[in-house]
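See below for the structure under consideration.
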Amino acid sequence: MKFIDELDIERVNQTLNFETNDCKIVGSCDIFTTKAVASDRKLYKTIDQHLDTILQENENYNATLQQQLAAPETNQSPCSSPFYSNRRDSNSFWEQKRRISFSEYNSNNNTNNSNGNSSNNNNYSGPNGSSPATFPKSAKLNDQNLKELVSNYDSGSMSSSSLDSSSKNDERIRRRSSSSISSFKSGKSSNNNYSSGTATNNVNKRRKSSINERPSNLSLGPFGPINEPSSRKIFAYLIAILNASYPDHDFSSVEPTDFVKTSLKTFISKFENTLYSLGRQPEEWVWEVINSHMTLSDCVLFQYSPSNSFLEDEPGYLWNLIGFLYNRKRKRVAYLYLICSRLNSSTGEVEDALAKKPQGKLIIDDGSNEYEGEYDFTYDENVIDDKSDQEESLQ
């Protein structure tokens, strides 16, 4: 990529570089063309290989997930599981047992009723001297049984055929009730099985639909589908600009998800609000100059906001605001940023205070001259008298 050096862009860069009481702001707007050079082509190939590995890993993951979902469907379905089969068998077994016991109970009751009726007929007589009517034990009395009982009681006699018919009717009623209950239970269990089966089928369908999506739908962060060359090129352009701007840093770990696609209006308002917070008045001519070189209405803006910024290793680093303006028509990319760091004076304030403080002479006394006398030239015999020397010279 080729760097575009313009005089008005240099004026913008000078405006975006300033200092506050405790911070230093480094800002710039660097414009590059998307025409690739030899080093850029090598970088593009490396990025393509990296993205191909990501795509292959995603396809392998989807294939294994499809196999895991297909295995339980072929071997065992929800409705053919042993839980449901045992449940149906147990229901049918207990239902048959209940019917058998119920029929035995009815037969015993009928025999007991017949024996009791014969004994009662011999011991007790009705008001007309005839045997009274014995009422069969039944759960319910229908209209026909009630009429027969009333007529037989009034006449004082009851035929055995009426008793047999009433007992048969009672058995029919009981059978109908038991069959209706069993049919209701079987219908309820089948409905439960059907609902559970449909629920599992719906879940499997949703999983299959998410797995069977084409690899083209795999998004490359804010740049679009991962297998489209245009999406990969945009990502490669931004990495190439970062490499050119910061050659001492390694950007091999930068992922497409570290970038966020935002609107131009949102980024401009955030940029100007940052300048306001730093005590600087935003200049309209700055955006006019950038618009003359980039045509902002045709630009797509990507903001670089990773979880861990590469600038954190820099001394005194505080925060950054980084954006990339990409114009496909003009084949240009603008790198616009603000980086805030602490001033050097604030970091070394203690050292500066110590350097400015006046220091006295350092005297080292080890006690070696404690008993030595001081040199006093007044009482020294070897002192040369300057006056005597002068007089001798005059003579």
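Using the three backbone atoms N, Cα and C, a Cβ is placed for every residue, glycine included.
The model shown is predicted, which means the values in this text are computed figures rather than measured ones.
Looking at 69-91, 368-390, the range annotated in Swiss-Prot as region 'Disordered' turns out to be 69-91. Swiss-Prot marks one residue of Ser165, Ser190, Ser210, Ser253 as phosphoserine, namely Ser210. Looking up Thr111, Thr200, Thr347 in Swiss-Prot, the residue bearing an annotation of phosphothreonine is Thr347.
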